[in-house]
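Novice: Residues annotated as compositional bias 'Basic and acidic residues' in TrEMBL: 742-758. The domain 'G-protein coupled receptors family 3 profile' annotation in TrEMBL covers 455-729. Annotation comment: TrEMBL describes 735-758 as region 'Disordered'. What TrEMBL records for 455-481, 493-513, 567-588, 619-640, 652-674, 694-716 is transmembrane segment.
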Amino acid sequence: MSTRDRKTLHSELKYCIPGDITLGGLFPIHARGPHGVNCGELKKEKGIHRMEAMLYALDQINSDPELLPNITLGARILDTCSRDTYALEQSLTFVQALIQKDTSDIRCSNGEPPIIRKPERVVGVIGASASSVSIMVANILRLFEIPQVSYASTAPELSDNNRYDYFSRVVPPDSYQAQAMLDIVKAMGWNYVSTLASEGNYGESGVDAFMQISREAGGVCIAQSVKIPREPTAGEFDKIIKRLMETSNARGVIIFANEDDINRLAGVGIDLKRSCKVKPTQSYSEVIPAGSPALCCFPLKWRCHMWPHGDELLKVTRPVCLAGSAGTSVLFNENGDAPGRYDIFQFQMTNHSHPGYHVIGQWTNNLRINVRRMQWSGGDRSVPESICSFPCNPGERKKMVKGVPCCWHCELCDGYQYQLDEFNCETCPSDMRPVPNRTACRPTPIIKLEWNSPWALVPASLAMLGILATSAVVITFIRFNDTPIVRASGRELSYVLLTGIFLIYLITFLMIAEPGVVVCAFRRLLLGLGMAITYSAMLTKTNRIYRIFEQGKRSVTPPKFISPTSQLVITFILVCVQVLGVFVWFGVVPPHTIIDYDELRPPNPDLARGILKCDMSDLSIICCLSYSIVLMVTCTVYAVKSRGVPETFNEAKPIGFTMYTTCIVWLAFVPIFFGTAQSTEKLFIQTATLTVSMSLSASVSLGMLYMPKVYVIVFHPEQNVQKRKRSFKAVVQAATLSQKSPSDKQNGETRIEPDRTQ
């Protein structure tokens, strides 16, 4: 533009430049006015600077004799005032020259037809800025086949070549911008953001595009979507900010808004790739009053030339591919869209040296961003977090919030569970437990009763003392085998009984020993065998005594099977029942070891242990001892029945005291054994309880039946002498007399000494 033209423009406030071919222009010279007013404040950068860029381009073209020789380009520029309805009214002047009016019935006063001056014809339109304005104008221009090229409208719907076939733009659509924004969000490490859109095509379409591609790409969720009204009232932006702050985790906000709205907000922004920097010789803002539309024309001198048709002009512009003045290529795709090229800006308010917008990166199909150049509130250079939920710790699973795939609650895999994957916990196999961070399973340690454990030392010590005492008794009896006391005690059954007591003590060491097939087999065999031998012998003795004195009440003939041989046979038969049962058990379930992972599996998996043990359950142990318990109870019954026998006659009363005490021991054993079923040391407690109870019962039998005899044999040998033998009849008579009351006895009655060699 010449200096004369600029002065004329400034003085007449008209944006109309004459030329052989006229181009239309739509620029937001003014901002949107308040209620009831079309236009508001001047817009320098987005309005005046862009208009000056067009005028500068026209000057360059017209001054170049090689581009359009003998043809001058003119311009008719309209102010849209950033309002779509006002811009639509203004743009009707572009098509007036193409509207044919019938003036055949109109005559002047002199009878001549009127001379109607048509406005200059516009062959193409540059603009508009806002997408909502471009959409309205494009619907009018396409009816008259006038091509339109926008420099800033980015709404995705303008890419619809069926509806907007005469529309092109040198900026990429918002679908690219939305992709660029999504790439920035991911580069920041954000996954939970809010969206803010100016009401209208640009804002709403941009947000829709961002939401669509974020859903397709995944990994980003929308906390809330907020719209800025077309006519925001006072305090509207404060309400919007408060609403955005309701979702405090969503610190990132994706904004698709017009310039007037965006000026009230700051942050990271995306702008079109700059292709030039305009430095006008004189600012048009000095001569355009605020609040008035910038429209008027220079006097136009009509010229004939060839007017290019809209279709022809569109065919020329669409395939164009050339380098701009800044070296950036200018080209369109089949929909009239430019390729995606953006500069990434950040508004750095706290940058004391250069406050304002700073370029921090570019996007051209892919993102290139310099995070080190970013600066946040307070000068902080660390990227703020905009995450709905932070990653779960190892061993925690994600419990998703319904409808929001980026939000979840972290739940610890508890008990014996481990983290199978991001969303599931799985229970470890029975022989395993979770590692401390619950990301995998590890083998459960296997334990057994150790010899150095208190649960083993105490029973083993008692059993060892019992074995030594039993051995001492056996040695004493063997040494004094033919003495009266040994013979009177029933040598054959005594040795059998002592063998049983020895086996009872011996089972303690098998119960503590490391389980194996051999150990388990001997456990089954000896656990009940020692007690069966002991109580079979005692039962045979008490039964013999009972039968002798019961028979004596009825007859002087001795009962059958009271000889030593008979007693051994009876005892052997009773013991065989126990042995037969054990061998049947061997045949049905061969002895083997197991690792019990359920017995010691407390709530805290760190304390879980697998216990190596024989395949003997609590029930099988009781069954193995049940026969011995039956013998014990039966023996106790006979002991009770024989309680009236003189204590100097035989062992009936010591056996009775032995059985009473043994019953008390085993009655105490049952609640202790089964009461520890839920204890974490069940195996150890039960093993100790069982072995101690067996050792105590053996010690009772040994102490009450044989220790007094050993004491007499060792320390009072003078009492170990032969007594005068009596017949069976005399023995029965003596027993009968002993059962009478003391009042029935005569003073000075001679006491009969029984024969104890039966």
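Numbering starts at 1 and runs along the chain as it is shown here.
Each Cβ is built from the backbone N, Cα and C atoms, and glycine gets one as well.
Just so you know, TrEMBL annotations are computer predictions that nobody has curated.
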Novice: I need to check the long-range neighbours of the transmembrane segment (567-588): which residues 6 or more away from its ends have a CB within less than 8 Å of a CB in the stretch?
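Specialist: Contacts with the transmembrane segment (567-588): 490, 492-493, 496, 521, 524-525, 528-529, 532-533, 536-537, 539-541, 543-544, 561, 620, 624, 627-628, 631.
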Novice: Contact between the transmembrane segment (694-716) and the transmembrane segment (493-513) is defined here as three or more C-beta pairs under 8 Å separated by at least 6 residues; is that satisfied?
Specialist: yes
Novice: Report, as numbers and ranges, which residues of the same chain sit near the transmembrane segment (455-481): CB under 8 Å and 6 or more residues beyond its ends.
Specialist: 449, 491, 494-495, 498, 501-502, 504-506, 508-509, 511-512, 681, 684-685, 687-688, 691-692, 695-696, 698-699, 702, 706-707, 710, 713-714, 720
Novice: So what's the average pLDDT for the domain 'G-protein coupled receptors family 3 profile' (455-729)?
Specialist: 85
